[in-house]
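Data block below; observations after.
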Ligand SMILES: [K+]
Ligand SMILES: [K+]
């Protein structure tokens, strides 16, 4: 980033610029300098553009890859109305880009309007400043980026539903993913025509939102450092907010450093699972998680096939889900080991940071800026890997599916 | 346990007796009271008998279940020479019990003799006391129980290879599992005739031992609280010892409370993986771990089939391995959440304790006795679950395999 991006006289180190740019373009939201004080208006603008480009880019890229996989496998695509071919042409790209841009702008505009009105009317901000704040946080929310223009994220608004609810709404909308919105747009009144992907994403998102909100609310209810300091309606709002944010927006309205250990562990699980495919959320994605869950269910029932929503899930799809999840675990564990070597932080804090970076969440117990340069580089790499890894890996795996000419006899090791 | 089991005037609480009995019979080795000072000679004898019965029982039970599964599925069984039928008869039971008992006694006798000689000659113990010490620790080692008659486990012998190496040898032998020993006994000079199970177990055990020993040695080399206090040969011995012990014996010769965080994390991974099937080790078993690894390898290569050792692995076997591993993760995470709620310990210490109990390892950072009664009950349940869960679950899953009459059309959600 250019020197004029920062406010102070010292400028910005190359590492800080690299870390912040990666965090913005990967819509993660981890920061090593305070966004509100370190960057000039120009620097904030650069971050905003990077977030928007990062969000649009990932949605377009993932949607096109999904389309390519579906085409190649001869499955009916619902992403475009084009005739079925095995290639993805320029027309598809235009159509997807247009859809992604329109979807993003609509949600961001609604959210920005709601937030701007509240900043102007509730906090006496001048209209131009209120509009800027509304726009910045709407883009940051819909793209699940989690960058905020206050040093302590959205903590000043912990009990204000007119700020927290629009932000949560935009976060959830962005996290569902473009294919889901496209299908809802086309067949909103005909749930029977929704694809398995849409049904699975909606059901899993609802389940994880409820589970996360209930757990956080219950576990932090009497913690004076977090929800315990609020009145009961405020506790409910903040509990809901922090059930939504790990998936994978990364705003916070109470201090994660003061959260109970159980809440941090539950948050790590929610972060790792993440949101919907081909959206702005990170993690291994809810569909991957649900597939693994369905395998267990099918095994316990003794079923030959893994089934859901009146469809059978192929063994290759299951193996791909397993591969994504295990490589995700491996990336997080390996990064945690390296971070433990290069820093003096506890396993708890470092693991939280690694999951947060991998799932492009951006929540932190506050140690990011204290990590040595090598640690910040590990997180930078992890953000890239977490952002692009699952999407490209699963597409590569799906496209490499090929039949074999001969099969070996089956062997059966004893397991368990 | 009876009052005469303990040395002190206060006797033993019901919870302590329950915890210790479970720990012994599940060959875990977690303790809430000091084995060497709390229990009388009679109490020690009871613990020794429980360990031996627990070890013999689990090996017999798991071997018979493996036999039943193989028979039912029409796979060639190598556990007995009996004719192929689909039922497991009394003859099979006798044959397996005899084999398990003989295997155990041979290894325990060798180890006990080596240890007793060292205690008598190297530490001037009277011969009867040396024989008792040798027997107790040989049984505890072969059965991967990890109970020791010194307050700080085997710390007094950290640099003595004549104690550490026989113990490590017995631990590895017990952890390979009865089916492997039976096959090695029959076809020791013909590796080509070894089953896939034996080849996979031996290869994975060797790999994990080397990886564990190298990582622990390198990571603790300069830690003054652990290996750093020793001379270089002592460091190598202690590093090797602590690469072996997480899988899943649970003796220690340096203080785990002083280990670096990275070592604890690596130890947790080794503990969770555990040892061979139908042996005295715990965890999800090395074959389960290898199968998951092979799935990733096959996916990255784009192979239709998961293959190893010139055999194809069936999709049902893969799903069963996945089920065991994920339910193991779920049990550990759920227990960790509960332990965090009921105690004031850190996530790090509690997670280590939960993995140690689930995988029946018995290593601890030292918090076991400080946990409240509810926490100790959680660990007790987790030890039982970890000891019996994987074996019975995988057998139940394998025996429930049944064909379905109709198959649904395939659906393909976007993952990753
Ligand atoms: K984020
Ligand atoms: K043990």
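Each Cβ is built from the backbone N, Cα and C atoms, and glycine gets one as well.
Not measured: the values here are computed from a predicted model.
The feature transmembrane segment, as given by TrEMBL for the ranges A:162-182, A:225-245, A:246-266, sits at A:162-182.
When Cβ-Cβ distances under 8 Å to the transmembrane segment (A:162-182) are tallied for each of A:45-70, A:100-121, A:194-218, A:269-300, A:321-340, the top count falls to A:269-300.
Relative to the transmembrane segment (A:45-70), the listed stretch A:12-33 leads the set A:12-33, A:194-218, A:269-300, A:321-340 in CB pairs under 8 A. For the transmembrane segment (A:12-33), the list of distant contacts is 1, 3, 5-6, 39, 47, 50-51, 53-55, 57-58, 140, 143-147, 249-251, 280, 282, 353, 356-357, 360-364, 368-369, 373, 376-377, 379-380, 383-384, 386-387: same-chain residues at least six beyond its ends, Cβ to Cβ under 8 Å.
Contact check: the transmembrane segment (A:269-300) against the transmembrane segment (A:377-399) gives at least three Cβ pairs closer than 8 Å, residues 6 or more apart, which meets the contact criterion. Outside the transmembrane segment (A:194-218), and at least 6 residues removed from its termini, the chain residues within Cβ reach (under 8 Å) are 78, 172, 175-177, 179-180, 183-184, 187, 227, 235-236, 239-240, 242-244, 246-247, 263, 266-267, 270, 273, 275-277, 286-287, 289-290, 308-309, 311.
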